[in-house]
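Now, the feature entries from Swiss-Prot:
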BINDING   His186, His190, Tyr221  Zn(2+) binding site
BINDING   Arg258, Gly260, Thr262, Asp290, Gly292  Ca(2+) 1 binding site
BINDING   Gly293, Thr332, Glu334  Ca(2+) 2 binding site
BINDING   Gly339, Gly341, Asp343, Gly356, Ala358, Asp361  Ca(2+) 3 binding site
BINDING   Asn348, Ala350, Asn352, Gly365, Gly367, Asp370  Ca(2+) 4 binding site
BINDING   Gly357, Gly359, Asp361, Gly374, Asp379  Ca(2+) 5 binding site
BINDING   Gly375, Gly377, Asp379, Asp405  Ca(2+) 7 binding site
REPEAT    337-354  repeat 'Hemolysin-type calcium-binding 1'
REPEAT    355-372  repeat 'Hemolysin-type calcium-binding 2'
Amino acid sequence: MEKNLSSRDDDALHSLSASSSYDSVYDLLHYHERGNGLTINGKPSYSIEDAGDQITRDNVSWNGSNVFGKSANLTFKFLQSARSTPDGDTGFVKFNAAQVAQAKLALQSWADLANITFTEVTGNQSANVTFGNYTRDSSGRLDYGTQAYAYLPGSGSASGTTWYNYNVDNIRSPDKMEYGRQTLTHEIGHALGLNHPGDYNAGEGNPTYREDTRQFSIMSYWSEKNTGGDFKGHYAAGPMLDDIDAIQRLYGANMTTRTGDTVYGFNSNTDRDFYTATSSSKALIFSVWDAGGKHTFDFSGYSNNQRINLNEGSLSDVGGLKGNVSIAHGVTIENAIGGSGNDLLIGNNADNILRGGAGDDILYGGGGADRLYGGSGRDTFVYTAVSDSKVAAPDWILDFQTGVDKIDLSALNTGNNLHFVNQFSGSGGEILLNWDSSASVSNLYLNLDNNTSPEFQVKIVGQVSQTADFVV
């Protein structure tokens with residue numbers, strides 16, 4: 001699904017500054033555009049697909065070398081003893097209960113994305129992916145310098161093994177410290193065939209491309225702040241936007257994941273902790289993979305000003321963080337619920353339901369027959385093209401407050417000739433506002449062509465004033 005406005009010659013329109021509300025919509029739709037030959041600060045920008053290729057550049061999986069999109073039934077094991085790690089580290093400690101529980105959650109987060117199954121084995125049975133702790137380096141000294149490491153799939157004895165430094169607090173308590181959970185997900189990524197996005201290790205080296213940060217990949221070592229994000233010291237628990245493309249390149253997309261109607265955020269029914277907000281203090285950092293159904297972003301419990309974009313591949317600012325929520329390619333999220341701040345909600349080409357909630361919100365439905373609720377506060381409903389609300393399938397604005405809310409048509413007034421009329425004359429640039437008293441609905445029509453047939457219609461519950469309620 002293409003981003004609304006992306007194929008239009010809208011840069012010139014943006015320079016005209018149609019309105020501040022339109023500018024807000026434009027800025028979010030063009031937030032972190034990537035690929036297409038862009039170079040930022042001397043680094044090439046990679047598309048999601050190119051980044052996925054880069055992260056899996058060794059082209060290895062548990063199906064062998066250069067085998068792509070093939071499912072795998074894998075086993076995993078929590079080691080009970082080990083003389084040393086493949087790197088020679090010693091002082092083995094088996095996983096504690098918190099580590100076991102968090103490792104299983106991390107495994108599930110990968111299985112949700114791709115055609116991978118994980119079965120636990122014990123005893124003398126071999127496993128594809130194993131887990132163990134160490135405490136001392138190869139010289140026998142207590143090791144406080146490393147966090148963890150893992151090995152790619154293969155036929156060697158080290159292949160798929162993952163190792164964790166038990167001297168590190170977040171490793172011992174990944175249930176209480178976010179970086180410990182992120183480390184588990186990161187190392188499992190290696191054991192499945194994912195590399196770091198660049199040719200570096202343990203913080204040494206430089207990123208290869210612009211999007212090599214934790215905003216886009218849990219396999220990255222670089223802060224999200226390098227690409228304009230801000231997680232306020234929090235860390236992702238599950239794979240991020242580019243990781244989804246990477247793991248699906250190797251094993252294929254899991255098309256059985258969340259095929260029903262799913263809610264992300266508050267009132268979540270995902271059964272995944274990183275998709276679930278239980279209070280306004282919960283920091284959500286996630287990228288959505290979803291195989292079907294009708295889906296909702298519910299960020300109603302936050303009082304921060306939020307920017308929510310439902311287009312695939314997009315980034316949203318949620319709960320006081322920046323660029324912390326994204327949507328994978330091929331995923332359609334139909335609905336969004338804002339909080340009590342001044343939120344910006346942007347739909348996609350599906351039939352969206354957008355609810356602004358309290359605050360002075362801006363709603364842009366984009367294509368499709370959308371149902372829009374501004375909520376309390378002074379809300380603005382933005383339209384940028386006649387295709388945003390067609391006569392055959394119009395938008396509905398369902399809680400418009402006359403004299404308070406606004407309908408912003410300024411982006412359609414490119415020739416400064418948009419004007420209200422009592423009936424269409426056959427000239428372009430005409431707006432007709434019709435009140436249907438029997439249904440208590442105002443019908444807004446636009447005719448931009450030189451004929452008497454409107455190309456655009458919005459249905460508004462309640463009576464609307466052409467002098468008080470429009471930005472033209």
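Placed from the backbone N, Cα and C atoms, the Cβ positions cover glycine too.
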*Take the Cβ of Gly339 (Ca(2+) 3 binding site) and count every other Cβ within 10 Å, whichever protein chain it belongs to.*
27
*Could you name the residues, excluding His186, His190, Tyr221, of the same chain that surround the Zn(2+) site, i.e. Cβ within 8 Å of the Cβ centre of those residues, in sequence order?*
Ala150, Thr183, Glu187, Gly189, Leu194, His196, Ile218, Met219, Ser220
_Arg258 (Ca(2+) 1 binding site): tally of other CB atoms within 10 A of its CB_ = 22
*When you average the Cβ positions of Gly339, Gly341, Asp343, Gly356, Ala358, Asp361 for the Ca(2+) 3 site, which other residues in that chain have a Cβ within 8 Å of that mean position?*
Asn305, Gln306, Gly338, Ser340, Asn342, Gly357, Gly359, Asp360, Gly375, Gly377
*Can you tell me how the residues of the repeat 'Hemolysin-type calcium-binding 2' (355-372) break down into helix, strand and coil by DSSP?*
0 helix, 6 strand, 12 coil
*asked:* Using a 10 Å radius around each Cβ and all protein chains in view, which of these binding-site residues has the most neighbours: Gly260, Gly341, Gly357, Gly359?
replied: Gly357
*Name the residues of the same chain, 6+ apart in sequence, whose Cβ is under 8 Å from the Cβ of Gly356 (Ca(2+) 3 binding site)?*
Gly338, Asp343, Leu345, Ile362, Leu363, Tyr373, Gly374, Gly375, Gly377, Asp379
*Around Gly365 (Ca(2+) 4 binding site), which residues of its chain at least 6 apart sit with Cβ under 8 Å of its Cβ?*
Gly347, Asn352, Leu354, Leu372, Asp388, Ser389, Asp395
*Please work out which residue of Gly292, Gly293, Gly367, Gly374, Gly377 has the most C-beta neighbours within 10 angstroms of its C-beta, and give that one of the binding-site residues.*
Gly374
*Write down the Cα-Cα distance for Ala350 (Ca(2+) 4 binding site) and Thr262 (Ca(2+) 1 binding site), rounded and given in Å.*
16
*What is the pLDDT of the repeat 'Hemolysin-type calcium-binding 1' (337-354) when averaged and given as a whole number?*
99
*Could you tell me the C-alpha distance between Gly367 (Ca(2+) 4 binding site) and Gly339 (Ca(2+) 3 binding site) in angstrom, no decimals?*
23
*Which one of these binding-site residues, Asp361, Asp379, Asp405, has the sparsest Cβ neighbourhood, judged by other Cβ atoms within 10 angstroms?*
Asp405
